[in-house]
Amino acid sequence: MMENGDYAVQYGEESYMEQEEEWEREGLLDPAWEKQQKKTFTAWCNSHLRKAGTSIENIEDDFRNGLKLMLLLEVISGETLPKPDRGKMRFHKIANVNKALDFIASKGVKLVSIGAEEIVDGNLKMTLGMIWTIILRFAIQDISVEEMTAKEGLLLWCQRKTAPYKNVNVQNFHLSFKDGLAFCALIHRHRPDLIDYSKLSKDNPLENLNTAFDVAEKFLDIPRMLDPDDLINTPKPDERAIMTYVSCYYHAFQGAQQAETAANRICKVLKVNQENERLMEEYERLASDLLEWIRRTMPWLNSRQTDSTLAGVQKKLEEYRTYRRKHKPPRVEQKAKLETNFNTLQTKLRLSNRPAYMPTEGKMVSDIANSWKGLEHAEKAFEEWLLAETMRLERLEHLAQKFKHKADTHEDWTKGKEEMLQSQDYRNCKLNELKALKKKHEAFESDLAAHQDRVEQIAAIAQELNTLEYHDCVSVNARCQRICDQWDRLGALTQHRRQGLDEAERILEKIDLLHLEFAKRAAPFNNWLDGAREDLVDMFIVHTMEEIQGLIQAHDQFKATLGEADKEFNVIVGLVRDAEAIVKQEQVPGGLVNPYTTLTADAISRKWSEVRALVPQRDQTLANELRKQQNNEMLRRQFAEKANAVGPWIERQMDAVTAIGMGISGSLEEQLHRLKEYEQAVYAYKPSIEELEKIHQAVQESMVFENRYTHYTMETLRVGWEQLLTSINRNINEVENQILTRDSKGITQEQLTEFRSSFNHFDKNRTGRLAPEEFKSCLVSLGYSIGKDKQGDMDFQRILAVVDPNNSGYVQFDAFLDFMTRESTDTDTAEQVIDSFRILASDKPYILPDELRRELPPDQAEYCIQRMPPYKGPNAVPGALDYMSFSTALYGESDL
């Protein structure tokens, strides 16, 4: 609306008469214009005067006495002018015209060069100028589009309404309307039932103009104000006449225009709600699916059941690797998408002035984060258990094999021993035989004592297998018990036989010293051979270079003793040879039989050969294990080298992404571009992670459980990688939401930069959030006035309730940006939507389904009909709907 002041400038900086004179001086004034204006202005005046039951025929004569001029002003303004003078004298007429001119001037219009005398004298130019001024003030001035002048606003209205039409290009109010298509387009746009635009042609301007003027007069109550022949035959028609006529179209369609505007606003609001509902449903679906997958996965990760075999645990470990490699990565992406969708939804809700979205119970982002954290804890515990169980079962398998080997060796040694000890052979022996039996028994006792350590080792191994819960403890315990029971019997039998030999010792005197010496030296040497042979075939398990090098060193020390053993072997064999020589020389019956031992030189020789043959075999076994440990060491170094490159790279990327997320420099588009470059770089780096996974798998398959060359583990790198991907996605989403906020709310990049700089200045620790006092200081730095009195504290608490509704004690940047945006821009409100529905309902407090279907697109109309509650106010009609409570519910101001 115009403020009081000089209205002439709103049309063209000059008055009607001044512009006429300028056009005449420049040779632009067309004599036909005056004719067109006279006809148009006369028809316009009559369109209003007929409401008072009168009209004019000659515009320069019928306004001379001022009476119809005053009546015209009363009709178009709705106000009452001072009582006119009824006299017929010239001064009466001048007084009446002056009353009309004074009324026009009271509306803020400056009448330049137009006086009452010229109107009373019938001056046509002055009269036309006065009528044009009235038309401008009362018919065109109120047409305001995007705060333009009246003429520009009317022109823009015509351009927008005719934009979709072929052969119509409205650039002015003279040549653009000559062919009549613009008039026809305006009618068809608002009343397509009145004109078939597709049948019109630019080559038939006279037909087009007559069609438009006839339809407008018959159906729109707009009288003919222009002559088609004049428009066609005049090189440049008068724009004042065309503006006057076009303004009648504007006012005729004003109601439809308001309804269209109202319908557009409602459609916009409803589309926002529908899109938000779609995003909510999508979030609920994704959240339910992810939580269900976690629920199904957790029992498997928490299970500690195995078949107690090494192969079974290794199979479980491979299943876990498949899960980390194939099954979990899509869920990581799903979680990131879920968080992105949630943040985008909340941003859209804030931007559309809607209440924040609260997911159903148990599906909050925090719930999902907690479930995900629990999943990661379960994964870590599961993998640690699998590795520990692998080591335990490997140890058990080793112990079980060792137990079997020692038990087999011991049982082989005990075969026949009980029968031998129970024999009464010494009762019928000769003296030397008895002496031999006694010495033989002494040797056996020595041998028996030597085997005590083996029995204790067997029992100790069985006890360890029980402690470690070996799956076949029952058979181990049974065999161990049999060995121990047999050992006790052997001890008792040995004691009993010794008593028998002592009983017969009085009879036996001679002892074959040579055989005795052999027995004494052969028995320990034989035991040494048995121990050496057992050690040389003893199984072992190592995990480090130090352990295998220790075994090699021990073996080298053993080999160093072989020289002394060889000497002892030659001595023992020499004793046998000496005995054989004596027997042969002395012809002693039975003298070749050694009564003190069952050992023979051949047996000692055979065992000595076996020991010497086992030494190089042991060398080869230890060498193989050394190569294995060297390979494990290489794997450790390979993993460490790669991990020590990947770990810092992930940390650097994380620091860079965090810096960009703080919005320290560059526009949002630049930040988004850099973030997406980092995203591409991260995905391009993924082969390094996959290569590291392959090395890690080789490490685990080689049973390597520690690595002193790096502090990185595969688990920490996986978590770091997933956190990096999540951080990039989250920051991209935040920047996109900031762009969405900036663009939808109309804030400038400079404002956004200022907001971000101020926020970062007070975010000293770069946490992405501000404490209340930091937030207050930030607001003050941006020029926000917060008093230091009690009222200021109350105002600040109200602001805190908006930016921190959950009372977390911190203000996040998105909440801060949303607050500053709402402080700087306008948003649609429930009141605006109610006003729009009121227009569609023709000012009724309710609206009918048919009205909604007529004014809105089908899907939008049905959306409203299904959700609007019945209207229960006074004068309600069947089917009436309550659009007011529906509108407030859209903005969370009421419950539906």
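Just so it is clear, glycine is given a Cβ too, placed from its N, Cα and C backbone atoms.
Database features (TrEMBL):
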COILED    269-296  coiled coil
DOMAIN    35-139  domain 'Calponin-homology (CH)'
DOMAIN    148-254  domain 'Calponin-homology (CH)'
DOMAIN    750-785  domain 'EF-hand'
DOMAIN    791-826  domain 'EF-hand'
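Residues 331, 334-335, 337-338, 341-342, 344-345, 348-349, 352, 354, 357, 359-360, 362-363, 367-368, 371-372, 374-375, 828, 833, 856, 860, 863-864, 890 of the same chain lie 6 or more positions beyond the ends of the coiled coil (269-296) yet place their CB under 8 Å from a CB of it. For the domain 'EF-hand' (791-826), the list of distant contacts is 343, 346-347, 350-351, 356, 734, 737-738, 741-742, 745-747, 751-752, 755-756, 759, 768-772, 775-776, 778-779, 782, 784: same-chain residues at least six beyond its ends, Cβ to Cβ under 8 Å. Note: the domain 'Calponin-homology (CH)' (148-254) comprises 65 helix, 0 strand, 42 coil (DSSP; helix = H, G, I, strand = E, B). Residue counts for the domain 'Calponin-homology (CH)' (35-139) under DSSP, helix first, then strand, then coil, are 71 helix, 0 strand, 34 coil. Confidence for the domain 'EF-hand' (791-826), expressed as mean pLDDT, is 79.
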